[in-house]
Amino acid sequence: MQASADVNQRIARLLAHLNPSMNNLQTEGSSNFRQENCRAKGGSPGFKVAILGAAGGVGQPLAMLMKMNPLVSVLHLYDVVNTPGVTADISHMDTGAVVRGFLGQQQLEDALTGMDLVIIPAGVPRKPGMTRDDLFNINAGIVRTLCEGISKCCPMAIVNLISNPVNSTVPIAAEVFKKAGTYDPRRLLGVTMLDVVRANTFVAEVLGLDPRDVDVPVVGGHAGVTILPLLSQVKPPCSLTQEETEYLTSRIQNGGTEVVEAKAGAGSATLSMAYAAVKFADACLRALRGDASVIQCAFVSSQVTELPFFASRVRLGRNGVEEIYPLGPLNEYERVGLEKAKKELGGSIEKGVSFVRK
């Protein structure tokens, strides 16, 4: 009889760990093993993180990498399809974060309640010949719905928005939060980290350096000519020819298209995007922990230019964006690029705002 009770207890513990919707499930002799009494409550100190769109091409590697982050204690995986399988798979990893899966709109609020950081890669990916604006009508509605859930269930969470087109989805999120009365511009960050990651890599290739030793500020937005790498401000300081500058700027701006074309219809930049998203999320978590001098580029509410949103270097803290840095000295090539970026970026921002206000 004792052996049977032990088995039942283990089953109840496992079910509570993998499926929080079964809170009230009990088996004979296991009345003490409701979810609140199980390790699924959180096995390590750290932060609670939700990934919305966790079963997608970016979401799955992103979830795996976040499970490996020692600053994460609880990891909630939400999507409209396939989260049970992704959750079961990732939950087998022997790291401290406890994983819970949530499936469908009816479980969105459960997925978001109590979260410290929400990462949103949800939406359809780019396909060959598709621009980020082509994604707008589908992804705009997805982002609006998810942000309505955030405003209700975790309005104080830091939000990392990946869903494209970021130049429009960040303004959409801001308008949703404003309508709900929960908008804090410091806590809403569009993730442009992939542009920085690409810039560091491509510049390192040209200079013959280790990419980990290169730091390129990338400002503006997150699509085409709105992506402006400030190659005159590369660290370590270097001297690039005009030909190198033009080649690098074009390659950084078109890095996403390079991957879409190379995959030939089989997807977009998912693995490098997941890597960049985790790098940025880790910076946000370190800032939440209280680390000093956490500086990254992000697309945020800004007064750096006349536009209401702009990507530039920001200092992160416990409340999100603590300080936004000016662009610094630009050369003539960068000044021309900035004007091009602002012209296109302004229209994308207005498109996002109008989507919610219409």
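Any Cβ shown, glycine's included, is placed from N, Cα and C.
Per TrEMBL, active site, proton acceptor is recorded for His222. Positions annotated as NAD(+) binding site by TrEMBL: Gly53, Ala54, Ala55, Gly56, Gly57, Val58, Gly59, Asp79, Asn139, Ile162, Ser163, Asn164, Met273. As annotated by TrEMBL, substrate binding site applies to Arg126, Arg132, Asn164, Arg198. If you look up TrEMBL, you'll see 48-190 marked as domain 'Lactate/malate dehydrogenase N-terminal'. Under the heading domain 'Lactate/malate dehydrogenase C-terminal', TrEMBL lists 192-355.
In sequence order, Asn164 are the binding-site residues from Gly59, Asn164, Met273 with a C-alpha within 10 Å of the C-alpha of His222 (active site, proton acceptor). Residues Gly53, Ala54, Ala55, Gly56, Gly57, Val58, Gly59, Asp79, Asn139, Ile162, Ser163, Asn164, Met273 are listed as the NAD(+) binders, and the farthest two of them sit 18 Å apart at their Cα atoms. Residues belonging to the domain 'Lactate/malate dehydrogenase C-terminal' (192-355) score a mean pLDDT of 97 in the model. The number of other Cβ atoms within 10 Å of the Cβ belonging to Met273 (NAD(+) binding site), over all protein chains shown, comes to 24. Taking all protein chains in view, 22 other C-beta atoms sit within 10 angstroms of the C-beta of Ala55 (NAD(+) binding site). Between the CA atoms of Arg198 (substrate binding site) and Met273 (NAD(+) binding site) there is a gap of 10 Å. When DSSP labels each residue, the domain 'Lactate/malate dehydrogenase N-terminal' (48-190) comes out as 66 helix, 30 strand, 47 coil, counted as helix, strand and coil in that order.
Sorted by the number of other CB atoms within 10 A, the binding-site residues Asn139, Ser163, Asn164 start with Asn139, the lowest.
Residue pair Met273 (NAD(+) binding site) / Asn164 (substrate binding site) shows a Cα separation of 12 Å. For Gly59 (NAD(+) binding site), applying a Cβ distance below 8 Å and a minimum sequence separation of six or more within one chain yields Ile51, Gly53, Leu77, Asp79, Val86, Pro121, Ala122.
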